[in-house]
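Colleague: First the structure, which I've put down as structure tokens, then a few questions once you've had a look.
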Amino acid sequence: LPLLLEATLLRLASGSHHPFYNGFYYNHIMNDKGNGHDKVVYFNGAKLVVETPKDPVYSSNGANVTLPCHYHYEPDMEAKRKIRIKWSKLRDDYTKEQDVLVAIGKTYLAFGDFRGRAHLHQANRREASLVVSDVRLQDDGKYRCEVIDGLEDESNVVDLRLKGVVFPYQPPRGQYRLNFHEAERVCQEQGAILATFYQLFQAWSEGLDWCNAGWLADGTVHYPIRLPRKPCGGLHLAPGIRSYGLRDRHQHRFDAFCFSSALKGEVFYLDHPAGMTLEEAKQSCQDVGAEIARVGQLYSAWKFLGLDRCDAGWLADGSVRYPIAKPRANCGPAEPGVRSFGFPSKGRFGVYCYKER
């Protein structure tokens with residue numbers, strides 16, 4: 001982009017201190033001809049309407065997705081100026097919106113993590129749809145489509161939801177050892193992110209039952225209970241999501257609920273007649289052009305690819321687990337799930353490896 005145009009788009013995104021801030025800035029006085037005579041812009045009486053889907057748009061990690069957005073006027077009319085479009089991502093904790101993309105006519109500029117991944121789809125008249133390629137876990141959430149015609153400014157919201165799996169996580173040193181920031185980090189280390197409340201609720205509705213409280217992405221602490229019992233809030237409470245509310249992100253310590261989505265590669269099992277130590281397991285994966293799998297990758301393979309193996313194997317965090325899609329004798333409980341042996345300091349096992357396609 002020419003430097004002047006790029007600077008203009010950046011200014012439109014930041015807004016800051018101007019009197020008509022809506023993510024863009026427009027003077028109520030415009031000088032069309034540059035002849036020193038100010039021209040006052042009045043509303044034309046037509047209503048600008050922005051339409052987005054009421055239902056969520058679903059996608060998965062690594063996919064491409066289009067967030068539909070269209071606009072029209074009531075009564076119908078033709079726009080007399082270049083339309084401005086702004087896409088923003090709304091944050092779960094209601095802090096400042098994240099700029100995604102701004103556009104003037106056919107020229108656009110994407111920001112931050114969306115640079116190089118976001119562009120407008122304007123195949124149809126009065127379309128302002130957003131295309132996001134190589135979808136990432138962090139892209140899950142609500143997006144605002146804002147359309148500006150002069151002083152007319154209307155917007156609507158699209159809900160992008162990633163198909164995924166929520167899993168509880170605690171580190172090798174035991175239960176309730178993570179503050180919020182440490183919980184964020186351990187989820188990332190396992191190929192995941194902290195889950196949102198909606199994601200935890202969805203997992204609970206699909207059968208997740210876990211008695212240990214864990215951090216969520218908005219700094220709240222919860223745990224999902226399907227079968228009420230005395231150690232988990234008491235027998236008198238109905239099934240549901242138990243809440244500790246907002247906690248101090250530095251001082252309070254809990255476990256974490258992590259969220260992972262579909263894989264770009266595959267998880268597979270390697271074994272050795274005598275088993276392997278953790279270091280030998282890591283080397284075995286490298287020898288076949290792969291890496292030792294992370295916990296989030298094993299959960300994703302179990303959830304989306306139906307990985308079913310009754311053999312315990314090492315994972316990258318030093319834990320030993322195995323995935324069961326079809327419960328059977330001698331393979332743990334009667335429900336599907338990822339079984340855990342914890343973090344053994346000794347022992348020889350197989351290994352679960354991950355390889356990109």
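Including glycine, each Cβ sits where the backbone N, Cα and C put it.
Under the heading disulfide bond, TrEMBL lists Cys211-Cys232, Cys310-Cys331. Sequence annotations record features per position, and here TrEMBL assigns domain 'Ig-like' to 47-158. Residues or ranges marked as domain 'Link' by TrEMBL: 165-260, 266-355.
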Colleague: Report the member of Cys211, Cys232, Cys310, Cys331 (the disulfide-bonded residues) whose C-beta atom has the most other C-beta atoms within 10 angstroms.
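Modeller: Compared across Cys211, Cys232, Cys310, Cys331, the most Cβ atoms within 10 Å surround Cys232.
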Colleague: From the DSSP assignment alone, can you count helix, strand and coil residues within the domain 'Ig-like' (47-158)?
Modeller: 6 helix, 59 strand, 47 coil
Colleague: Per DSSP, what is the residue count of the domain 'Link' (266-355) in each of helix, strand and coil?
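Modeller: Going through the domain 'Link' (266-355) residue by residue, I get 21 helix, 26 strand, 43 coil.
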Colleague: Per DSSP, how many helix, strand and coil residues does the domain 'Link' (165-260) have?
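Modeller: Its residues fall into 22 helix, 30 strand, 44 coil.
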